[in-house]
Amino acid sequence: MKIVLVFVCTLYLAQATYLSEQDVNEVSEFLEALDQANEAASEMVEAAETEEARDWECLPLHSSCDNDCVCCKNHHCHCPYSNVSKLEKWLPEWAKIPDALKRCSCQRNDKDGKINTCDKYKN
C-alpha cells in the first residue's frame, strides 16, 4: 500500500512540475513578445523625436543641454539639481557628487510655467 501511495505522489509531483514548466514557458514567451513590442515602440518614439530635432535644428528630448536655445521649441533645459554644485564646497574631500546629478536635459514644456525662454522661439 505504501508503494502505491508513493507512486501516486510521484506521479502527482511530476504532473505539477510539468504544468509549472509549461506556465514558465508561456510567461517567458509573453515577456519576450512584450520586450519586442516595447523596443519597437521606443524606436518609433526615437525616430519621431530625431525627426523633430532635425526640423527645428535642436536637441531632442532628454539630451544634455546648457540653455533653452539648444532645446526644441516645445522643450526647455531643465537642471533638477542645479544647487548641487553649491553644496560641493561644504562636502569633505572624499565625498564626490556624481556628474549625472549635475546634468541638465531637455524636457517637455509643462503647465506649471516651465517653458522655453529662448529669444529665437518667441513670436
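Cβ atoms are placed via backbone N, Cα and C, with glycine included.
According to Swiss-Prot, the cysteine that forms a disulfide bond with Cys106, out of Cys69, Cys71, Cys72, Cys79, is Cys71. In the disulfide annotation of Swiss-Prot, Cys77 is paired with Cys65 out of the candidates Cys65, Cys69, Cys72.
Per Swiss-Prot, Cys69 makes its disulfide bond with Cys118 among Cys104, Cys118. In the predicted structure, the domain 'Oxytoxin-type inhibitor cystine knot (ICK)' (55-122) carries a mean pLDDT of 78. Counting residues per DSSP class in helix, strand and coil order gives 17 helix, 11 strand, 40 coil for the domain 'Oxytoxin-type inhibitor cystine knot (ICK)' (55-122). For the pair formed by Cys71 (disulfide bond) and Cys58 (disulfide bond), distance between Cα atoms is given as 5 Å, rounded to the nearest Å.
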